[in-house]
Amino acid sequence: MDKIIKSIAQSGAFRAYVLDSTETVALAQEKHNTLSSSTVALGRTLIANQILAANQKGDSKITVKVIGDSSFGHIISVADTKGHVKGYIQNTGVDIKKTATGEVLVGPFMGNGHFVTIIDYGTGNPYTSTTPLITGEIGEDFAYYLTESEQTPSAIGLNVLLDENDKVKVAGGFMVQVLPGASEEEIARYEKRLQEMPAISYLLASKNHVDALLEAIYGDEPYKRLSEEPLSFQCDCSRERFEAALMTLPKADLQAMIDEDKGAEIVCQFCGTKYQFNESDLEAIINDKA
């Protein structure tokens, strides 16, 4: 089961989140039938949103949009504070040549664009923030968002590793943040450790990458695990929700579906689930609108 572990240095100088998101990204790949580069780009976006959602309180919903002018198209993810995330990528078929080590490149092909976040607190006034894509690698773009929009300097690492058949082998990441009150000496020590950390791909390839991430982040410094919470890919779509959407259409449009298509098929963008509405279903909706 996927999980996020929240921790804090015993000194109180900084905190860290580490994630195992393997099942989340594997299920997203399965549902959307994504090829290698699309899988990694979508996976990184899902992991970034899992981190962002874990930083919120209450019943907030968080939307992350990675909008570039590349062949990937838009990448959209929605998460809640209960560990659930869903998402899709417009172009599922991007399969760009890998590096000599087999790693999938994303940044050089993302193009210009923006990292957009929408945090809905349920009050009717969602908070929206837009920052430019800095590298297109998504992790660095997420870190830039945290620094610019939330005024919280953060170190972010996230990635998706694929096997020889381009299926998800492992996915995960981390976030490290300096906390208020940290001394200059503690900040310098933290920055030095991050600079010396192995690459995220190397750490994810470890037998237990969650422990490997924690060890790389804290080194010999004592720390406390604050919580361990489950994560999952979960879509909240339903037949009832799409039926309500059909109710908003003009009667003429619904009648055209009956006359021309003998019904309607609606496919959820986020999970690919198909919902069928036959002629009788559509006629009932028309009658309900009367």
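Even glycines carry a Cβ here, placed using N, Cα and C.
Pulled from Swiss-Prot, these are the features on record:
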type     : residues      : note
DISULFID : CYS235-CYS237 : disulfide bond
DISULFID : CYS268-CYS271 : disulfide bond
Taking the Cβ of CYS268 (disulfide bond) as the centre, how many other Cβ atoms fall within a 10 Å radius?
-> 18
Across every protein chain in view, the count of C-beta atoms other than its own within 10 A of the C-beta of CYS271 (disulfide bond) is 18
Where does CYS237 (disulfide bond) sit in the DSSP three-state scheme?
-> coil
